[in-house]
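Asker: Feature annotation from TrEMBL assigns active site, nucleophile to 30. The active site, proton donor feature in TrEMBL is assigned to 32. Annotated Mg(2+) binding site per TrEMBL: 30, 32, 266, in sequence order.
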């Protein structure tokens with residue numbers, strides 16, 4: 001567990017009995033090979049770990065279909081062809097340059113976004129980020145045509161079946177972590193952030209920190225049905241800044257005397273960052289028979305990791 005080594009951040013003391021400060025649990029997720037499977041399909045490592053029980057060629061084919069669909073949506077609906085070289089760690093980072101202009105008649109194809117990186121071009125990028133956030137809230141069913149939606153639904157079902165319900169069980173676990181089975185709601189209780197639970201005694205939020213670029217990561221959230229349990233404000237890209245910096249931003253954002261953090265992912269970078277922050281880390285292992293995978297990971301296991309790092313809490317396995 002990543003809780004006792006590394007360069008220590010200031011430790012947070014948490015007490016579940018403080019009625020004036022209800023507990024806030026922040027689940028910090030990795031995406032690829034944690035909440036979704038994609039790279040391991042493309043590289044066939046997922047299928048090969050089953051020692052002949054999985055059709056390797058089928059897994060690679062599914063991965064390629066996902067890759068094509070992600071790139072298509074990025075370019076057709078989320079300006080990726082225009083802003084691929086302007087990756088940012090989160091959407092709201094450009095909000096200070098957005099003057100609130102009505103964009104209903106704005107032509108994004110002729111505004112000549114590009115160098116120099118002055119305030120004028122930062123405003124153009126901010127406009128695109130605003131539209132991307134709006135489309136994320138709309139959901140793909142309100143953006144795509146019927147044929148594309150059917151192909152997407154079929155691909156999701158086939159992939160979920162091939163991976164023994166990895167996708168649907170990961171999403172169900174996110175719902176369990178958020179404390180409800182409904183669409184996320186916004187809350188201003190913690191620094192104008194979006195939380196996933198409004199229980200007065202115990203609030204929970206899912207945050208995504210991915211090493212991929214921001215726009216494809218948002219599109220993946222939509223395609224893999226994660227947008228109702230992870231708001232666009234809670235999606236971070238560590239591509240340029242690293243996961244430790246993202247974790248520090250998250251700690252500052254959820255600045256609360258009764259907050260607890262837990263990192264869940266499969267890679268060394270989030271493990272190292274969790275150690276630096278003194279946050280518990282749960283390593284996902286997609287190999288069959290391993291407990292920290294989907295299906296398999298339970299709230300009881302997560303509660304155990306919480307209790308080791310935050311021992312002052314009671315009922316950590318609730």
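From the backbone N, Cα and C atoms, a Cβ is placed for every residue, glycine too.
Just so you know, TrEMBL annotations never went through curation; they're auto-generated.
Looking at the shown structure, what environment does each listed feature sit in?
Answerer: Other C-beta atoms found within 10 angstroms of the C-beta of residue 30 (active site, nucleophile) number 24, with every protein chain shown included.
The Cβ of residue 32 (active site, proton donor) has 38, 39, 210, 211, 212, 266 as same-chain neighbours under 8 Å, each 6 or more residues away in sequence.
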Asker: Just how many other Cβ atoms lie inside 10 Å of the Cβ on residue 266 (Mg(2+) binding site)?
Answerer: 19
Asker: Please list, in sequence order, every residue of the chain apart from 30, 32, 266 whose Cβ lies within 8 Å of the Cβ centroid of the Mg(2+) site.
Answerer: 31, 33, 34, 35, 210, 211, 265, 267, 270, 284
